[in-house]
Amino acid sequence: MGCVQSFRTLCDRPKNTNVRISLPAVCFVWQIAMIILFGVFIRYDEESDTHWIEHRKKENISSDIENDFYFRYPSFQDVHVMIFVGFGFLMTFLKRYSFGAVGFNFLIAAFGLQWALLMQGWFHSLDYTDGKIKIGVESLINADFCVAGCLIAYGAVLGKVSPVQLMVLTLFGITLFAVEEYIILSLIHARDAGGSMVIHTFGGYYGLSISWMLYRPNLDQSSNLQGSVYHSDVFAMIGTLFLWMFWPSFNSAITDHGDGQHRAAINTYLALASTVLTTVAISSLFQKHGKLDMVHIQNSTLAGGVAVGTAAEFMLMPYGSLIVGFCCGIISTLGYIYLTPFMEKHLKIQDTCGIHNLHAMPGVIGGIVGAITAAAASESVYGKEGLINTFDFEGAFKNMVPTKQGGHQAAGLCVAICFGIGGGIIVGCILRLPIWGDPADDNCFNDEPYWELPEDEESAPPILHYNNHMANKDVVDTNFGMEQN
């Protein structure tokens, strides 16, 4: 008990947001480390190396157009836009934290993708003949996926941490992601094309666990900056639209060429469309006078894309995709209305962006849908070759049957949750140390501590908020059941 009390006392020391030494030191040292590690380990793969001509002749490839670049790069472009524009602008809803939302998103994504190429390369792309990691366009897509988990986690602690803390969060998050991805995809042999388990479930619970460890009992001192204003919600909606439009590319980017990739895009497209309607319906039903809440429209409309990710390449059927989107729109929106305030009040989890409702819960639903769909697969639906190709029943897993594959899918979901929660608690303990330059409770959700602001912004008084992503609004009875004031 004495050690615990000493640790708490240490962590409760006065805050100092001056990162003039720590932030440049971390950026310079870690970037130099990346240069050295890339020099030692990273090389072009056979499709991006100058020996491609020889490889093409050896494999009897007739044209350069068959290079993987031309198959994957359109999807890579879409995923890249989602990472840097979609996630970045989605988090600009806070009235005084737009620089931090977009700028720090940019920072940790740029660092994270470099570290991800190394970590994922050591697990998946290491050539044991020369000890080098061979990278191509698919490696870039996987690195962006890896970064997405950390950006999801950032949403839980948005406005409450320093850029140095975010770099540490990303360093450990990428490392944990690479390990859990290897366990789920390679050892357990679960399929997760759109990352419902590997990306969203892990990233969601990783961020929530960190937020729980960094709980601020006096965060209400920054409540005047915790909401949005009209123009900040419009900017956040831009992020939503970019994510919504490109999510079919996200879920299909690394699936097998041909029918699997085609099917993944269709399933995601339909799930997203269905989610929009149910989100609007629930938002109107549970708000006073039937008005829509922009929080729900910005976030819950994307939940279907998250939940359909694992089963995106399976024979989910178009109506099945619509059902997944329908259910997720309801669950995610109700999560914002009831679950987020409950978690803050009773579980001490301050979830700034509501990632539990957009990523964690839909990710778990996606894992469950994937397990059920895999277990229900049959030769009559998939065909013999289709079943083998879709679930990769080859090599050590050639005797696998669909029902057993369903169990492996469920096991993969459990691993993602355990890594997210366990890793988040450990990293949260590290981030609680008073050496990272995080803001005081009365200075959160504010760009001023870390950014040079225009003079008119520095002197501007706080704007009264009209929309708060974390507010516990009063609930009153209506003819439909419950309604919010």
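The backbone N, Cα and C atoms fix where each Cβ goes, glycine too.
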Same membrane side per Swiss-Prot: Ala396 vs Gly437: no
Site from Asn60, Asn299 that Swiss-Prot describes as N-linked glycosylation site, others unannotated there: Asn60
Annotated stretches the transmembrane segment (358-378) and the transmembrane segment (300-320) touching (3 or more Cβ pairs under 8 Å): yes
For Asn60 (N-linked glycosylation site), the number of other Cβ atoms found within 10 Å of its own Cβ: 6
CB contact flag for the transmembrane segment (266-286) and the transmembrane segment (322-342), at least three pairs under 8 A: yes
Proximity verdict for the transmembrane segment (139-159) and the transmembrane segment (21-41), three or more C-beta pairs under 8 Å: no
The transmembrane segment (74-94) versus listed stretches 21-41, 194-214, 234-254, 300-320, 322-342: most Cβ pairs under 8 Å: 234-254
Among 21-41, 194-214, 322-342, stretch most in contact with the transmembrane segment (234-254) (C-beta, under 8 angstroms): 194-214
